Amino acid sequence: MPSRPPLTVLLASPRGFCAGVDRAIQIVERAIEKYGAPVYVRHEIVHNRHVVERLKALGAVFVEELDQAPDDRPVVFSAHGVPKSVPAAAKSRRMLYLDATCPLVSKVHVEAQRHFDAGREIVLIGHAGHPEVVGTMGQLPEGAVALIETVADAMAFQPRDPANVAFVTQTTLSVDDTAEIVEALRARFPAIAAPHKEDICYATTNRQEAVKAIAAKAQVLVVLGSANSSNSVRLAEVGRRAGARAYLIDDAEGLDFTWLEGVETVGVTAGASAPEVLVQGVLDRLAERFEVTLTEADTARETVTFKLPRALAG
């Protein structure tokens, strides 16, 4: 039997689930335990196909709009946050609802409301159509928030009063891209009000930094995450910028060994909504084909946890 070729695998750390994702999944699981199935979930609880399929098997029913859920069953709002109109509609229907919005997304909602109450014109840096952006813009009256996606958008933005502008951001953006947009806004509007603490969340930042640390040494980077996961897509982009050929895959089945022909070092990471079992699946598949030397590249320690809603605590 021919010997397997050697392959160094650099495993990014931190990777995978963040505290907000962990909390959101627990909310659905505990709601099913407490209230029985079905429990309805408005939008995918987190953007990962494997997580969604597992929760479906437990008794979760995923819908895109609240009117697709019956009045007499619990409904959970996804980790990405929802416009104010959604809980208002649930209350008017006397529905039992549980809000799994990540507390760090809720922080952005509070900031946006504070700026609005202070009479500032608000800029949201984010990706059009992403549920988090829809939810943040939906905290305020229509037209109160201007969405900016690029430096070009920042240069074209024309506020009513250049001295009275504030910005907030989506939590799952590219740290580097966002810094460029913020720099452009600050250059144009020196008095622009900024978040007290950066809106891009600790987990997004840490995972991007971990990718930078391994992608500079790896020829190929494999990112585990679904294509609709903003933070996972950003990890692949960060890897490419750092010089690696980066591929975003759902699971080990998506691994193409032609990517690894002539490759000595591969980096592996997972987006904040991707379970660790998917990483292990890739490592197992690599070990079938290669003599793997595994190195964990630890760039940060995460100790953040978030409390469950009172209705499910204990």
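The first residue you see is number 1, and the count goes up from there.
Even glycines carry a Cβ here, placed using N, Cα and C.
Together with His47, His130, Ser229, Ser230, Asn231, Ser273, the isopentenyl diphosphate site in Swiss-Prot holds one more listed residue from His80, His196, which is His80. Within 10 Å of Cys102 ([4Fe-4S] cluster binding site), counting CA to CA, the binding-site residues His130, Ser230, Asn231 contribute nothing. The secondary structure of His80 (dimethylallyl diphosphate binding site), as reduced to three states from DSSP, is coil rather than helix or strand. Taking the Cα atom of each, His47 (dimethylallyl diphosphate binding site) and Cys18 ([4Fe-4S] cluster binding site) are about 13 angstrom apart. According to DSSP, Ser230 (dimethylallyl diphosphate binding site) is assigned to a helical segment. The secondary structure of Glu132 (active site, proton donor), as reduced to three states from DSSP, is helical.
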